[in-house]
Amino acid sequence: AFQTFTAWCNSHLRKAGTSIDNIEEDFRNGLKLMLLLEVISGETLPKPDRGKMRFHKIANVNKALDFIASKGVHLVSIGAEEIVDGNLKMTLGMIWTIILRFAIQDISVEEMTAKEGLLLWCQRKTAPYKNVNVQNFHLSFKDGLAFCALIHRHRPDLIDYSKLSKDNPLENLNTAFDVAEKYLDIPRMLDPDDLQNTALPDERAVMTYVSSYYHCFSGAQKAETAANRICKVLKVNQENERLMEEYERLASDLLEWIRRTMPWLNSRQADNSLAGVQKKLEEYRTYRRKHKPPRVEQKAKLETNFNTLQTKLRLSNRPAYLPTEGKTVADIANAWKGLELAEKAFEDWLLAETMRLERLEHLAQKFKHKADAHEDWTRGKEEMLQSQDFRQCKLNELKALKKKHEAFESDLAAHQDRVEQIAAIAQELNTLEYHDCISVNARCQRICDQWDRLGALTQRRRTALDEAERILEKIDILHLEFAKRAAPFNNWLDGTREDLVDMFIVHTMEEIQGLIQAHDQFKATLGEADKEFNLIVNLVREVESIVKQHQIPGGLENPYTTLTASDMTRKWSDVRQLVPQRDQTLANELRKQQNNEMLRRQFAEKANVVGPWIERQMDAVTAIGMGLQGSLEDQLHRLKEYEQAVYAYKPNIEELEKIHQAVQESMIFENRYTNYTMETLRVGWEQLLTSINRNINEVENQILTRDSKGISQEQLNEFRSSFNHFDKNRTGRLTPEEFKSCLVSLGYSIGKDRQGEMDFQRILAVVDPNSTGYVHFDAFLDFMTPEYCIQRMPPYKGPNAVPGALDYMSFSTALYGETDL
């Protein structure tokens, strides 16, 4: 580009007698730049500043840039300072802008301009040449044949094209550049080596060079065109007569067609439907596509023929052609202008009408779409809002329904805009005079009426739901209150019923009086209990009243408890009946305990007399049995007296037995008024009788023993005294150990060895032949008499002693010590 632009600038500057050597430096002061623009434009620029200061240079460059801009060129990012500072990129950009504007922009081929026109010109001029195919301004010119073809096409005398080969690109390039410079005054702007060695040659450089060829050969082209025109004029002169006749015929036909067409174009009749207008629009399109084009050709032909005819006549120095009146070119032009105005107005009307009706149709569709959507949404809503479904609900279900209704209310509010939009669209359809306004208005009215109904029904349902909720909440509160009160009251009733029928066993007046006192205290609480019962029952009655009044299904069912008012009533009734029954039971028991107390006192009074009497008799009999009160005959007499007295006392025992039977029948097990029981009295009585009988028997036996053994009263007393000494418990008998101790004390020798034990067992067998484990006084006496007297008394040596006599006195003294006897 650097070399090409320099050569291009010099090809013009030489006409002013100057040139540039360095494109980067020689335009910096702006002087040669202004000169270049004057040469290529043929115009004079403002006078340059002659100073050498930087601002002078900037001013000159700006004058050049302003001139370029005045030619309609938009200088992008090119400033005077960069040119003055020798910015090569900016300078080359500026030169390329000048080349485009003054060397390429005015090139025009078949209405194409600039680059496309220049390329088309090259393609047409090189079309007949083989090995040349111009598609661009870089690769297509690389082998030089395109340049040679352009020269040969215009000056076949300068190049023998048939001798050129695609295989010799450098030779081809040099041939073209040399011939152009020598014979066509086109300076060498490109370097053949650069073109060959560059993969993609500089398009701007090639375009600049090719434009020089175009400007060189365009003069020859104009001459060629002029020659052709002369030929045509000569040809037209031969057809003058024919053209005149054809003009008259064509003009008549065209005017008649315009006259027939105008009423149709001026008509504004339509059925106010999109289909009708679209039919008219289709007719108009058919007219424009099918009927008018031949008439356009006819008019063009007519005008061409007329102009041609006039030109031919003028060139032939013949008078101008005057068509028949009303058929002049001006008449036709006026008629055609009227036709075009009518067409424009008709088309505008059709388009406006189409737009209007399309908008109407769109609005109608929009109305239908929104109305369909709204009606779909409202379907079933009235029935839903009128539904009495909540009448069957529990409280939690009702609250859920209420939430659902609140959501519906929000949804309804959100749909308000849709209804308003539907009404607004209907209003617009009326304003724009839609062809089916009647049905639109009817549907809109239905939607609005239904909307009003939905609003009223929504409010009514909201009120009904609130009321139902209020009622169910009231019932729920009553149910809950019933459950809270009924449970403890029911527990109290169950406990009370158990207490009232509770079996009890009492043995004392204090116990029954305690039960009666507790029962009286319980009866004092019955008033409060009755209040609580009535309050609980009234809760149920209130529920029943509300349920009956508002017809609430399942409203009587209490979700908080399984207890019912009838349960409470039945149990309360039971308690009320059990209270007097308990009164009676306790009164009966009191009477029983009073009777028992009387029996206790009767028994105690008698027992407290009988018991001591038996004990006194027993003591007296025991004292007699000890043998220390007179002779055996005295003892026997007194024992017999006691025996009679005891038998005489028996009715007292029998009376006690009767009282005791009554006590036992009354289940009395203790008596705090006496320490005597019937059992102890019976045992005492039997022991007394037994003791008397035994003592009588013993005394009688002792008398027999005394008499048979010849024992004196004194001896008997001594034996008794010894026996009683070891009878510590005064039982009238000795244990074996007490008996052994008694024998030892009497001087009886019992060894501590086995032999001694055997001797003792032998003695025991004598005194206790029945092995009772005791030795009674009469057995002791029976044993002591022969053994003791015979074996242990010393011989009597006193005066009047008989042979074998024993000394009893010294024996007794030795055994018991001195005696009063």
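Cβ coordinates come from backbone N, Cα and C, glycine included.
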Coiled coil range according to TrEMBL, out of 363-390, 391-418, 559-586, 727-754: 391-418
Coiled coil range according to TrEMBL, out of 233-260, 317-344, 457-484, 793-820: 233-260
Residue counts (helix, strand, coil, in that order) that DSSP gives for the domain 'EF-hand' (755-790): 27 helix, 2 strand, 7 coil
Integer average pLDDT (0 to 100) for the domain 'EF-hand' (714-749): 79
